[in-house]
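Asks: OK, Swiss-Prot features for this one:
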{"type": "BINDING", "residues": "G7, A8, S9, G10, R11, I12, G91, T92, T93, A115, H116, N117, M118", "note": "NAD(+) binding site"}
{"type": "BINDING", "residues": "R35", "note": "NADP(+) binding site"}
{"type": "ACT_SITE", "residues": "H147", "note": "active site, proton donor/acceptor"}
{"type": "BINDING", "residues": "H148, G157, T158", "note": "(S)-2,3,4,5-tetrahydrodipicolinate binding site"}
{"type": "ACT_SITE", "residues": "K151", "note": "active site, proton donor"}
Amino acid sequence: MKIGVYGASGRIGKLLLEELKGGYKGLELSSVFVRQKCETDFSSFSHAPLVTNDLKAFVRACECVIDFSLPKGVDHLLEALLECPKILVSGTTGLEKETLEKMQKLALKAPLLHAHNMSIGIMMLNQLAFLASLKLKDADIEIIETHHNLKKDAPSGTALSLYETCAKARGYDEKNALTTHREGLRSKESIGIAALRGGDVAGKHTIGFYLEGEYIELSHTATNRSIFAKGALEVALWLKDKAAKKYEINEMFG
């Protein structure tokens, strides 16, 4: 399958290019979208990709777009994909309502998956969190996330997705159950998120289920950002030959 990388100059974008250099599990890097000059030397790649700032040409040259860019960039990408539908794997966070609506329109034409975190471990953590939230009905749930000191958003998109998973399992009102700045006593039907920022931490997420006399903590730690690139490529492989639809990350595990 031919892969197009959108957001190639970013941290994850560069890792995607590195993973695709030798052809990841048969995937071929066919196009790279860049607004300015690309620093990557493609002479060592098994296939020389199209490197362009022409969005339409970029989309035409691939079968699947993997996006790790910025919210405004995703909006432009979706406009091109609505004209020329291709599989989309997007890990960009902070999307506006209008952009998400365009994504839903694309899902009528092509398979796509949008997730805050593409690591296989986080995919499994979401499933475990759902099960624990469902079975441990009397437990108080708290989420702690830690990231590097340059991360812009807080709480992280991954922490919010874990919150949504737990809230859905409990049947909580997702709009009102979230607590990020706690004062006074804890309300029963609430889930707290604490965001820590420091150093160069790639990402750590812990979900605590606190009972009387005992507690359980489920934790995931990213020690290398390459897991996000590899996870996105695994999603691309999984979406191949799928019907047009917006898929959820937990569907990969059945």
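Just so you know, the numbers here start at 1 and follow the chain as drawn.
Cβ coordinates are placed from backbone N, Cα and C, and glycine is handled just like the others.
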Asks: Taking the recorded (S)-2,3,4,5-tetrahydrodipicolinate site as H148, G157, T158, identify the other residues of that chain whose CB atom sits within 8 Å of the mean position of the site's CB atoms, giving them in sequence order.
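Replies: For the (S)-2,3,4,5-tetrahydrodipicolinate site, the extra neighbours are T93, H116, N117, E145, H147, K151, D153, S156, A159, G203.
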Asks: Out of K151, G157, T158, which of these recorded positions is nearest T93 (NAD(+) binding site) by C-alpha distance?
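Replies: Closest recorded candidate to T93 (NAD(+) binding site) by Cα: G157.
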Asks: Quick check on the recorded positions R11, R35, H116, H147: which one has the highest count of other Cβ atoms within 10 Å of its Cβ?
Replies: H147
Asks: According to DSSP, folded down to helix, strand and coil, what is R11 (NAD(+) binding site)?
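Replies: DSSP call for R11 (NAD(+) binding site): helix.
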Asks: Provide the three-state secondary structure of G91 (NAD(+) binding site) computed with DSSP.
Replies: coil
Asks: 10 Å Cβ neighbour count around H148 ((S)-2,3,4,5-tetrahydrodipicolinate binding site)?
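Replies: By my count, 12.
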